[in-house]
Amino acid sequence: MSFAPLTNDTFLRACRRQATDYTPLWLMRQAGRYLPEYKATRARAGSFMGLATNVDYATEVTLQPLERFPLDAAILFSDILTVPDAMGLGLSFAEGEGPRFAKVVRDEAAVAELAVPDMDKLRYVFDAVTSIRRALDGRVPLIGFSGSPWTLACYMVEGKGSDDYRLVKSLMYARPDLMHRILAINADSVAAYLNAQIDAGAQAVMVFDSWGGVLADGAFQEFSLAYTKRVLAGLNRTGADGQDVPRIVFTKGGGIWLPDMKDLDCEVLGLDWTANLARARAIVGGEVGGPGKALQGNIDPNVLFAPPERVAEQARAVLDSFGAPHTDRTTTGPTHIFNLGHGISQFTPPEHVAALVETVHSHSRALRQR
């Protein structure tokens, strides 16, 4: 499969811990409801799933934030719950309620019915990946993604989002054998799903462990991290264009487990806003010329509700907290990809995002001149 050559590879260079002219930036949920143009496209599509399952609409909304802001990567417009939907759990999005499943997985009989889905049921996702990659025309790289095995299990057991994760944790503690069976199937499903995205043209892939942070120490390592490792072990390392495909792992609330994640078989670790970038760099960032992880994050998304000058101030603080940028182009070293600590709020003023992007690019260039 051939695609246009990349004109801005800053994000991929940072993923590989290579020196860059500035700190690259993209935003979790950058294609979304804070953009009026997204709302207009969604209205035409009629529903969220109408948007996500239509290749033309998915391509259009993926590119919308790039038309507005000089971001350094695009991320596939989709949802983490497409995989359990393909398992036959019946995903729907009620207006104002978020996702829910018609079927839940809470007992032996339901677990026995689970299997890695036929990836052809997710063909709309892979067709969208190829369509977006072609539409980008080499402007910036395209990131594919999936939920983590644990995060998918949370929704599959609860049937929807949860405040206390009572049902999934009850199953985990009462019947760990069942939970391990769910997670093993999820891990193999996620690996197959991400590999199909890579084959379709994704240039990096990200595992969102959005609910890993709700677990107790010990439980996180057993029920979340172990299965993220299983996903990573099953991933293709080479993309459709013959280039290596960096892998990003983001665990919301996972900063306390950085020592456990130090040896994950991935290139980038995402951090939420509770983590200290300098401390994270010291634990996993590595030294110049040695092994390590690139770091991604981690400004509090709610900073974007402050006036633009405050947004700029906080963005500079995040860049400064990472420390001196790696500038030696002859070797690898600690690198930073700027992002939010979680997805952008639908109520965010777009002009505040513009202030963030401009500040990150200008201040990170200035840091490299010092």
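Each Cβ is built from the backbone N, Cα and C atoms, and glycine gets one as well.
Listed features, source Swiss-Prot:
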BINDING   R29, Q30, A31, G32, R33, D79, Y155, S210, H342  substrate binding site
SITE      D79  site 'Transition state stabilizer'
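In this structure the alpha carbons, written CA, of H342 (substrate binding site) and D79 (site 'Transition state stabilizer') are 15 Å apart. Look at the binding-site residues R29, R33, H342 and count other Cβ atoms within 10 Å of each Cβ; R33 has the fewest.
Each residue contributes its Cα atom, and for D79 (site 'Transition state stabilizer') and Y155 (substrate binding site) these two points are 12 Å apart. Each of the recorded positions A31, D79, Y155 was scored by how many other Cβ atoms lie within 10 Å of its Cβ, and the smallest score goes to D79.
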